[in-house]
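For reference, the structure discussed in these notes is given below.
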Amino acid sequence: MASYKLLLLPGDGIGPEVMGEVTRLIDWVNTSGLATIETETDLVGGCAYDAHGESVSDATMKIALEADAVMLGAVGGPKWDGVPYDKRPEAGLLRLRKDLELFANLRPAICYPALADASSLKRELVDGLDIMIVRELTGGVYFGEPKEITDLGNGQKRAVDTQVYETYEIVRIAAVAFELARKRGNLVHSAEKRNVMKTGVLWNEVVTQVHKDRYSDVKLEHILADNCAMQLVRAPKQFDVIVTDNLFGDVLSDEAAMATGSLGMLPSASLGAEDERGRRKALYEPVHGSAPDIAGKGAANPIATIASFAMALRYSFDLGEAADRIEKAIADVLDQGLRTGDIKQDGCKTVGTREMGDAIIASLKSAT
Ligand code: NAD
Ligand code: IPM
Ligand code: MN
């Protein structure tokens, strides 16, 4: 039986609460004999800063680099608002993404049938929605230099962030988007702002070239990112795959989440390049953050994290069928009318994190 090493980084706020449900799914994989997943649990984010003054330690990075995959809950919170910028909880997550070279962030926005009325958009706009946002994750304005605040000495300060992209970074993310589109609806929207940004001009040029050279069988549309944001709430089902830069991808994916009912529904996979054995470094995490407003109450929706674990099974552990089963169990539990507070609906039962996890595991086991 295949054996894998999975590093668990629950993090801050609701992170440990939603990750608690994943550890029970790991037990299910192990006891069902599907694979052996060995886990190690470590600190990231504010809790790591509190423990050793860094939001991710070198020792944790070493374990992450050697693991077959990493799962992360969430980082951040008001407690760490005052810590130096490079030690902020979010810096730990950014270091993981950068040092593991996880350039491709897959953020599927799927509206489960039972949740079509839980969305802030009308049912007919979201029923059957299935979008894949492919966000570039290791470049752009998140990492470009200079990145600084200078005191101008006259009571004024100057802040600079730099958006940088090189051809190879756009080529590889475009290829991921086209490959995914071939297995889905065969349509890619490439979102940038070539009308005001040089990086947008290059992005457009390179995506066009990659399409022409290698993927002319896939339909490609170029769209300005602001129009893309509008179209996502006007008629989201027109999209199949959206490929975009780091910052636009961050914003567009939170927006797309609401079409599915809640930010608490959106999983993600962050993948690196394939090695010679066809394996990719990978980190799986919900798209949402540490939700300080509901942390500690046992009320968080664990579905985004559970679905991120399903993505880990599919992309890192060759267990695509088990991933399908988890996604089916999520759909079944929603069909049964169970809802966490964020997707609460009239006529449905509102439950906490643990009860939602219990129901998903029970549904999985009963289907086995
Ligand atoms: P957030 O995503 O934490 O929360 C936004 C809203 O969505 C809140 O009202 C929250 O209660 C709700 N929400 C989020 N996840 C939910 C879930 N699973 N179930 C139910 N409701 C949920 O965003 P924020 O409040 O802007 O950020 C809080 C902190 O999280 C910040 O420090 C931010 O930097 C960090 N953050 C971390 C990540 C990450 O770890 N990947 C992602 C986004 C934000
Ligand atoms: C996300 C988050 C992160 C980002 C933060 C916490 C660094 O918002 O994963 O969407 O901006 O990428
Ligand atoms: Mn975000």
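A Cβ is built for glycine as well, from the same backbone N, Cα and C atoms used for every other residue.
Reduced to three states, the DSSP call for ALA291 (NAD(+) binding site) is coil. Listed in sequence order, GLY13, ILE14, ALA74, ALA300 are the same-chain residues at least 6 apart in sequence whose CB falls under 8 Å from the CB of ALA291 (NAD(+) binding site). Taken from TrEMBL, the feature NAD(+) binding site applies to 77-90, 289-301.
Taken from TrEMBL, the feature substrate binding site covers ARG97, ARG107, ARG135, ASP226. Secondary structure at ARG135 (substrate binding site), as computed by DSSP, is strand.
As annotated by TrEMBL, Mg(2+) binding site applies to ASP226, ASP250, ASP254. DSSP classifies ASP254 (Mg(2+) binding site) as helix under the three-state reduction.
For the domain 'Isopropylmalate dehydrogenase-like' (5-360), the predicted model reports an average pLDDT of 98. According to TrEMBL, the feature domain 'Isopropylmalate dehydrogenase-like' maps to 5-360.
Residues or ranges marked as site 'Important for catalysis' in TrEMBL: TYR142 (among others). All chains included, 19 other C-beta atoms sit within 10 angstroms of the C-beta of TYR142 (site 'Important for catalysis').
The site 'Important for catalysis' annotation in TrEMBL covers LYS193 (among others). Counting Cβ atoms from all protein chains shown, LYS193 (site 'Important for catalysis') has 19 others lying within 10 Å of its own Cβ.
Just so you know, of the binding-site residues GLY77, PRO89, the Cβ with the fewest other Cβ atoms around it within 10 Å is the one at GLY77.
Taking GLY77, TYR85, ARG135, ASP250, ALA291 as the candidate binding-site residues, the subset whose CB lies under 6 angstroms from any atom of ligand 2 consists of ASP250. Per-site Cβ counts within 10 Å over the binding-site residues ASP81, ASP250, ASP254 peak at ASP250. Secondary structure at ARG107 (substrate binding site), as computed by DSSP, is strand.
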